[in-house]
Amino acid sequence: MSTQSIFDGDNVVVYSASDPLLLFIVQAIIIIALCRLIHIPLSFLQQPRVIAEIIGGIVLGPTVMGRIPKFLDYIFPTSSMGPLNLVSNLGLVLFLFVIGMEVDLRVLVLNYKVTLLVTVFSIVIPFGAGAGISAGLYKFTTREFEFGKFLLFISTAMSITAFPVLARILSELHLLHKRVGVIVLSAGIGNDVIGWILLALSVTLVNSGSGVRAVYILLLALGWCLFLFIAIKPLVYLLAVKTRSLKDKPSESFICIVLSMVLVSAFFTDIIGIHPIFGGFLVGTIIPHENDLTVKITEKIEDLVNCLFLPLYFASSGLKTNISTLNTGKIWGYTIGTICVAIASKMGSSMLAARILKMPWSDSLVVGSLMSCKGLVELIVLNIGLSTGILNETIFSMFVFMAVITTFVTTPMTKFFLRFTKSEHDDNSIESSEELVQYLPELPTRLSFLINHPLDASAAMIFIQHIYENRDKVSGCLHLPQIIIHSIWTLFVDSRTSNLLRASQVDNKVENEALMGLFETFVKIKKFEYESNALLVSGTGYYNVVLETLKKSSSNILIMPYLKDYKTIENESSSSPLSLSSIRLALGDSFKSLDELIPLIKMARIPVGVFFTRNPHNLSVKKIRPIIRSTEYGSPKNDFEQLEKDKKSFDQVEISVKEKGSTYERSKVVILIYLGTENDLIALELLLKFLYEETSIAYIYTYDEFYKDDYATSLPNVVYTSEVLLSKHNDSAFKVWPKLRKNIRKITKPNGFTTDQHSQTFIPSQTHTKLDLRLSDVTDSVRSRINVVKFGNLNSLLSCLHELIQPATLTPSFETEKSITMFLGCRDKQAVSEKLEVAALSEMKKLGYIESSSEFGMLAGLIPLVLLSNFPLIDFFLGKAPTKMVQGY
C-alpha cells in the first residue's frame, strides 16, 4: 500500500524506491495514451502501430517534451527508469516468445528454395553495404571497441528485416495468398532467424572480450538450442496431449509451465552472455503448431504484450533518442546516406533474387520494397547496441530515425509498385448491353459463391439444391449446360498476431476445416464439378483480391448468399412492413454485411447476384391463378369462364390449368420483376435455369408506362404468355429482330378487341425488347410455363403478388414440396424503373416507409426493399449487371 496520499498534501508522482508503483502507473498511462493518439492519423495511411510507438517515445524524450522545464525530472526521472526498463524488458522477452511461435519451420521446408535464395541475397548484400558505411560511422564513436565488432553490429542492423511488422503489412495489403506474399513471408522467416543468430553473435563478441571466450559462449548457446529441440520439444508435445491442450484450449497448468520455460531460457541465455530475449525466442520455436496450439497460446498473452509491454519498451527507447544530436550537416549527410543505403541494398538484393526466380519486374519491386521494412526488430537491435556501449547517442538516434523512415515508406512504396503489376481482372468485363444479351444464355455455367460466414455456406447450399432439383427432374432429351460450382472462402485477419498465425497456417486449415469439407461433399453428391479458393483478407478493401480470384477461375457470375434470421422476422408485426426497421429485420445481419460489400458489387466486372433465403424448408404456395383480371370495381377474380371462351387465343396459358375450376399446384414457382434494366437480365437468366423442371412455373411482371396513371386499378388488367409478347403485332420486336417472325404465330386478342383496337394496349415499351429476344431462345417446354403480367404502379404489383403468395401461409412448412423464389434487378437511375420508384416513393412514405440511407438500400432501390419487407420468408435473388455495362436500350 502506498504511503503517499493526496489528503496529506504529498506529491504522489515523486519517485520512491520503496514504492515505485504510482509513478509507474502515471508513466504507463501517458505512454499508452500518446501512442494511441499518434496512431489514429497514421492508421489512415495504413502504417503499423510500431511507428506510432517509436514516435511517441521520441516525443516524450529529450527531443520534444524533454525541452519542457522539469518534465523529465518529474515524470521520467533517471531513478525511475529501473522499474520501467524491468517491465518493458519482461514484455520484450514475452514478445520474442510470440515471434518464435510465428516462425513455422514447415513453411521454410516447403519453400526452401525460395526462402534460401531470397534470404541469402537479402542478408549478404545489405551486410556488405553496412560494412562499407560503418567505416564512416566509426569516426563518430569514442572507439572504445574494435572496428570489427562495430562493423558486425552495424552490418547486422542494416541486414535485418522486421518480420512481425512485415506480416502485418502483408495482411493490410491482402498479399498473404499471392505468390509475392508467400515469397516475402518465407524469406521474412528465414531473415528473422538468421538475424537473431547474427545479433546473438554480435553481443557474444562484444561481451566476451576474447576469441576463446566467444567460442565458449557460442558452444553453450548451440548446446542449449539442441537441448531444447531434442529433449524439451517432444516433452512439450506430450504435455500438450496429456493436458488436452492440443484438443481443447490450453490448460492453465500448460500455460504456466510454458511461461516458466520462457523465463528459464531467458535466464540461461542472459547468464552465458548473449541476451534474455534470445532465450524467449528459442522457446517459441519449439511450441507445436498442430491444431493451432500456437494461435491459442498467442491469444492468451498478445493483448497484454502489445497494449502494455511493447509501448513501454519503445517509449523507453525513445527517451534515449535525442534527434537534436544530429546537429551538423555532416551528421545529417551520413543519416540520409544510411537511409538510402539501407533501402537500396535491401531492396536491390531482394529484387535481384526475385528476378532470378523469374518474377516480373513489378513483382520483384514489390518484394524488394517489402523486405526493406525495419521497424520493431531494428529498435531492439539498436537498444542492445546502446546498452552494450557499441553505439553512442548520436549513432543510436541516427539509426532510430532510419528505422522510422524505412518502415514508414514500406507501405507507400509497395502500393506504388503494385499499381504496375498487371491487373488480373481488367479484361473481365462486358462492354455493352448487346454483348450482355449474347453472353447471358451461357452465363451460369461456372457459379462462384462468396462465403464470408458459416451461414453463407448454408444459403449457398440451398441455392445449389434449387439448381440440382431442376437438373435432376428435367427431361432426359433436354441438353443442359455443364455447371461448375466455385466457392471463395474468406479468412479475415487483422493486426493480431494470433490471426496472422492462423493465416500462415491456412493451407493446413483448409484441408481440415469441417465446414469446407462438408460443403465440398454436398456439391459432389449433387454431381456438380467443384473448385474452391481460400483468401486471407483484412476487414476492408479486399475487393480486388476477390475480383482477381474470379478472373483466375473464369467465373460467369458471382453469387453472394445470405441466410435470413427467422426469429427477427417473427417480430416484424410490431412495425410497419414498409419501414426501414422492418427491412432490417427481414434481412437480419445481411443488411449490415451487405453494406460492407457494396464496393465489391459496384467494382465487379462480371454479373453479381445476391441470394437471400430463410431456411432449407420450402413454403406453402396458394393455388395459382393463371389469369388474374380486374373487374370494374377493382377487385380480383378467377375468370375461368372467360378463359374457356378465349381458349383459342390463350392456349399457352391453358397448360397451367388441368380443367375448368381445378387447381394445378406447381412444385416450384419463380417470379421475376422485370423493369427493363440490364440488372433484370441477370435475374432473368437465373430464373430460366430454375425452369428446367417440368413442374415449375414462372410469372414475369413487367412495368409499362402506359399504366402509370392507372391508380384506380388495384390489380394488373393484362396478362400474357410469352407467346403474346412475341407475336408479330409487337411492332418493336418485329422491327428489331425480323427473324423472330418465323417462330411467331398470330394470336387473336381477348375480349372481342380487334388487333388494331388493342395493339396500343399490349405493345410493350422499348425496354421489353431484350426480354422478348431472350424468351425467344428458350425451348417450347420452358416458354409454355412462363406467364407475363403487366403492371402500372407498385400498388398493383403488391396486390397481385399477395394474391399469388398468400401471406397467411408464409410459415415454415415441412409437409409441402413447394417453393417460391423471386428474382429482381438492382436499381438503375438511367432506366424506366426510376420513374416507377419516383411515382411510388411519396405513397410509400405515407404508409410508413422510411427511405433507406444505407449503401445497400441505395444500390438495391425502393422496389426490392419493399418486396423484401412484404415477403420476408421467400427466397430472393437480386441481380446486378457488370460495372462497365453501357446503360440504355
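Cβ coordinates are placed from backbone N, Cα and C, and glycine is handled just like the others.
Taken verbatim from Swiss-Prot:
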- 1-11: topological domain 'Extracellular' (TOPO_DOM)
- 33-39: topological domain 'Cytoplasmic' (TOPO_DOM)
- 61-80: topological domain 'Extracellular' (TOPO_DOM)
- 102-115: topological domain 'Cytoplasmic' (TOPO_DOM)
- 137-146: topological domain 'Extracellular' (TOPO_DOM)
- 168-179: topological domain 'Cytoplasmic' (TOPO_DOM)
- 201-214: topological domain 'Extracellular' (TOPO_DOM)
- 236-253: topological domain 'Cytoplasmic' (TOPO_DOM)
- 298-322: topological domain 'Cytoplasmic' (TOPO_DOM)
- 344-364: topological domain 'Extracellular' (TOPO_DOM)
- 410-857: topological domain 'Extracellular' (TOPO_DOM)
- 879-889: topological domain 'Cytoplasmic' (TOPO_DOM)
- 40-60: transmembrane segment (TRANSMEM)
- 81-101: transmembrane segment (TRANSMEM)
- 116-136: transmembrane segment (TRANSMEM)
- 147-167: transmembrane segment (TRANSMEM)
- 180-200: transmembrane segment (TRANSMEM)
- 215-235: transmembrane segment (TRANSMEM)
- 254-274: transmembrane segment (TRANSMEM)
- 277-297: transmembrane segment (TRANSMEM)
- 323-343: transmembrane segment (TRANSMEM)
- 365-385: transmembrane segment (TRANSMEM)
- 389-409: transmembrane segment (TRANSMEM)
- 858-878: transmembrane segment (TRANSMEM)
Tertiary contacts of the topological domain 'Cytoplasmic' (33-39) (same chain, 6+ residues out, Cβ under 8 Å): 47, 49, 51-53, 55-56, 59-60, 311, 314-315
DSSP-derived helix, strand and coil totals, residue by residue, for the topological domain 'Extracellular' (61-80): 11 helix, 0 strand, 9 coil
Any contact, the transmembrane segment (277-297) to the transmembrane segment (323-343), with at least 3 Cβ pairs under 8 A: no
Closest-packing stretch to the transmembrane segment (254-274), where packing means Cβ pairs under 8 Å, from 81-101, 116-136, 365-385, 858-878: 81-101
Stretch of maximal Cβ-Cβ contact with the transmembrane segment (365-385) [cut-off: under 8 Å; candidates 81-101, 147-167, 180-200, 323-343]: 147-167
Residues from the same chain, set at least six apart from the ends of the transmembrane segment (389-409), whose C-beta lies under 8 A from its own: 47-48, 50-51, 54-55, 58, 137, 140-142, 144-145, 149-150, 153, 157, 162, 165, 206, 317-318, 320-323, 325-326, 331, 334-335, 338-339, 342-343, 372-375, 378-379, 382
Maximum Cβ pairs under 8 Å to the transmembrane segment (147-167) - stretch from the list 40-60, 81-101, 180-200, 323-343, 858-878: 180-200
Residues of the topological domain 'Cytoplasmic' (298-322) by DSSP state, where helix covers H, G and I: 22 helix, 0 strand, 3 coil
Chain residues outside the topological domain 'Cytoplasmic' (236-253) and at least six past its termini with a C-beta under 8 angstroms from it: 261, 286-288, 290-291, 293, 296-297, 300
Within the topological domain 'Cytoplasmic' (33-39), residues counted as helix, strand or coil by DSSP: 7 helix, 0 strand, 0 coil
Beyond the flanks of the topological domain 'Extracellular' (344-364) by 6 or more, those residues with Cβ under 8 Å of it: 114, 117-118, 120-122, 124-126, 128-130, 158-159, 161, 179-180, 183, 187, 370-372, 417-418, 420-422
